[in-house]
Amino acid sequence: ICPRILMPCSSDSDCLAECICLENGFCG
């Protein structure tokens, strides 16, 4: 489950839990 928090990212490793880095530059 990915927490619904807007987090800027450049790669999946910047994101929490099962989130991935989306094309818009945020985790999701």
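Glycine is treated like the rest: Cβ placed from N, Cα and C.
As annotated by Swiss-Prot, disulfide bond applies to C2-C19 (among others). Using a 10 Å Cβ-Cβ cutoff, C2 (disulfide bond) registers 13 neighbours.
According to Swiss-Prot, the disulfide bond annotation covers C9-C21 (among others). In the shown protein chains, 18 other C-beta atoms lie within 10 A of the C-beta of C21 (disulfide bond).
Under the heading disulfide bond, Swiss-Prot lists C15-C27 (among others). C15 (disulfide bond): 20 other CB atoms within 10 A of its CB, across all protein chains.
Around C27 (disulfide bond), the same-chain residues six or more apart in sequence whose CB sits under 8 Å from its CB are C2, I5, L6, M7, P8, C9, D14, C15, L16, C19, I20, C21, listed in sequence order.
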